[in-house]
Each structure stands twice: as C-alpha cells, then as structure tokens.
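Engineer: The following feature annotations were taken from TrEMBL:
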ACT_SITE  E137  active site
BINDING   C94, H136, H140  Fe cation binding site
Amino acid sequence: MLEIITYPNPLLRQVSNKVEKFDEELHKLLDDMYEAMLSKNGVGISAIQVAKPIRALLICIPDDEGNQNKEDLLEVINPEILHKEGEISFSEGCLSVPEFYEDVKRFKKVTIRYQNRYGELQEIEAEDYLAVAFQHEIDHLNGILFVDKLPILKRKKFEKELKRKKKL
Ligand SMILES: [Zn+2]
C-alpha cells in the first residue's frame, strides 16, 4: 500500500510535473493511488500525496447512500481549468491534513480539460462537491493545501490544533 504523506512534509509544497508517458507505470500508480485513497475513505487524492510529483489525481464522489463506486472514479491527468464561475463555501478535509475540517470558499462551477490514463483529451463541467474536489486536488499539483486558503483566524486555529496533536 502506498503511504500518504502529511503536512508539514515539504514535498506537499512541490509543483508537480506534466505527465508525458501514459504507460504501464502510470496505470499502476493510478491503481495504487485508488487503493490508498479508499483505504483512508478519501474522495480525492493527488500523486504528490503519495510522494510522486506528477500532474495526476483521482476523484471519486460518493453516491447518495455515501458509497464510492469505481464507475464514478475520475482519473485526471494534466488538468487545466478552462472556466470558473460562482462561489461556494464547503467543508473540506484532506488525507494529508488528517482530522481537520474547515469551510473553504471556492468557485461553484468549473470546466476542466484533462487527459485520461490513455492520454485522451476529456472535458468535464463540474458543480458543487465535484467542482470543489477538482479545485482542491488541482491545488495539490501546484503545492497548495486547503489550509492555505483559510482566513488568518481559522489558520491559527489549525496551527494550534496541530501543535496540540504533536504533544499527544
Ligand atoms: Zn488534499
């Protein structure tokens, strides 16, 4: 099982590189990322979270019963945000920032162009939860964490909780 790195590991600050080869190695990584994500009940994961600095991420939004289905899995390589609009505030968490949740402001609607595992171009319009997940995961590719988006007081609360956890 791939290990998920956590804040404040400096690797999380690295800007990930474009994927050029859509080969077996990439497919294996995507499969292993999927296992790692599900094992932690995550809705999304980016390659940098398993210490691979490439522009690849997964999103699997749960259905109405709260179950994650492989049919809903999005494998997203080299994503680009083509369009963004509106505003939404959503409670976010992150596999690399365990046990911390806070509201973050994001665009409500985004259009994303990306490649699938075979390198084929795809385009998707995402709204609400899915739009938030895309923005959160794409931030990872640029070394940005959701806690960076918090207003100063909430950010302080996060740092305080982190310190308290370290003492335990
Ligand atoms: Zn995250």
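Glycine residues also receive a Cβ, built from the backbone N, Cα and C atoms like all the rest.
Automatic prediction, not curation, is the source of TrEMBL annotations.
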Engineer: Compute the mean position of the Cβ atoms of C94, H136, H140, which form the recorded Fe cation site, and then list in sequence order the other residues of that chain whose Cβ is within 8 Å of it.
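Structural biologist: So the extra residues in range turn out to be G44, S46, Q49, E92, L95, S96, E137, D139, L145, F146.
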Engineer: Enter the number of other CB atoms within 10 angstroms of the CB of H140 (Fe cation binding site).
Structural biologist: 24
Engineer: Can you grab the distance from C94 (Fe cation binding site) over to E137 (active site)? Cα atoms, rounded to a whole Å.
Structural biologist: 9
Engineer: Can you check which residues sit near the residue listed as 'active site', meaning Cβ under 8 Å from its Cβ, same chain, 6 or more apart in sequence, and list them in order?
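Structural biologist: Correct list: G44, I45, S46, L57, L58, I59, V76.
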